[in-house]
Amino acid sequence: MRAIYIISVIIVSLSIFSWGGNARSDYPWAMFALRLQWPAGFCEVNNACDTKSLLNTFTIHGLYPYNAKGTPALYCDGTAFDVNSVSDFLAEMHLAWPSHETNTEDIQFWEHEWKKHGRCSEALLKQTDYFRTALAFRKAFDIVGLLNQEGIYPNNDLYRPKMIKEAIKKHLNAVPEIDFTKNENSEYVLTDINVCVNQQATRFVDCPTDDATDDYRLKFVRLPSKMKFADPRTNSII
């Protein structure tokens, strides 16, 4: 019963950012995937990690249009990135969509994601709407909270990939996709989770999935906790 209640609450939250309308047959993209990044996982497998941005929450990696065959849209023609398009909600962008790479500023990261994926959605979502939608999409649910309710915590424990996916599916009524990378010890570390909605963003749908990520039957993926680093400004542990 609680799961049904949670799904209902999430659907209401989803409707807040839905652009609605009828599905457009002339529009090549059938769904959108919000790619969420786990900062501690990213930083464990990337040397050029900006430790200032480590948070115990998932941050936005990107918003990707997919066609009906499950192929993401890449590098379409369209307008150039304009930072003024996010000026009204710039502070929220820095918090929710930060770059975790030391050599990439937040604005550079947004520009890259717009060029790589965002422009492909421009017939439906103009630049400002694209970024607003990603922010609202992220706020429609709490991945960490949903996982915690199913006994999955970012505490460096090992979990089967299917267990993580089933935990999220229980609450969103749709299958997510997870991504993981090997660290220097050849352990699989969770770095990203995709959550998908239909073209009009009125309901969650199953994400395109790579069967290989489901069928690491003898493998486990580790969900790192927030790592501790010395803050050079205060020499204290953060």
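Quick reminder: no glycine exception, Cβ is built from N, Cα and C everywhere.
Look at Swiss-Prot and you will find HIS61 tagged as active site, proton donor. Per Swiss-Prot, the feature active site maps to GLU113. Annotated active site, proton acceptor per Swiss-Prot: HIS117, in sequence order, evidence recorded as similarity to another entry. Annotation comment: Swiss-Prot describes GLN37, HIS61, PHE109, HIS112, GLU113, LYS116, HIS117 as RNA binding site, evidence class similarity to another entry. Among the features that Swiss-Prot reports, disulfide bond is placed at CYS43-CYS49, CYS76-CYS120, CYS196-CYS207. The feature signal peptide is assigned by Swiss-Prot to 1-23.
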Task = Filter the recorded positions CYS49, HIS61, CYS76, GLU113, CYS196 down to the ones within 10 angstroms of GLN37 (RNA binding site), Cα to Cα, kept in sequence order.
result = HIS61
Key: Cβ-centroid neighbours of RNA site GLN37, HIS61, PHE109, HIS112, GLU113, LYS116, HIS117, 8 Å, sequence order   = ARG35, GLY62, TRP110
Query = Looking only at GLN37, HIS61, PHE109, HIS112, GLU113, LYS116, HIS117, the residues listed as binding RNA, what is the longest Cα to Cα distance in Å?
reply = 17
Message = Neighbour count first, Cβ atoms within 10 Å, every protein chain included; then name which of HIS112, HIS117 tops the list of recorded positions.
response = HIS117
Key: Cα proximity to PHE109 (RNA binding site), best match among recorded positions HIS61, CYS76, CYS120, CYS196   = HIS61
Inquiry  = Please report the Cα separation of CYS43 (disulfide bond) and the residue listed as 'active site' in Å, rounded to an integer.
reply    = 19
Ask   = If you measure CYS49 (disulfide bond) to HIS117 (active site, proton acceptor) at Cα, how many Å is it?
value = 23
Request  = For LYS116 (RNA binding site), identify the closest of the recorded positions HIS61, CYS196, CYS207, judging by Cα separation.
outcome  = HIS61
Note = Nearest to the residue listed as 'active site' by C-alpha distance, among the recorded positions HIS61, CYS76, CYS120, CYS207, is HIS61
Query = Judged by the number of other CB atoms within 10 angstroms, which among HIS61, LYS116 is the least packed of the recorded positions?
reply = LYS116
Ask   = Taking just the CA atoms, what is the gap between CYS76 (disulfide bond) and HIS61 (active site, proton donor) in Å?
value = 18
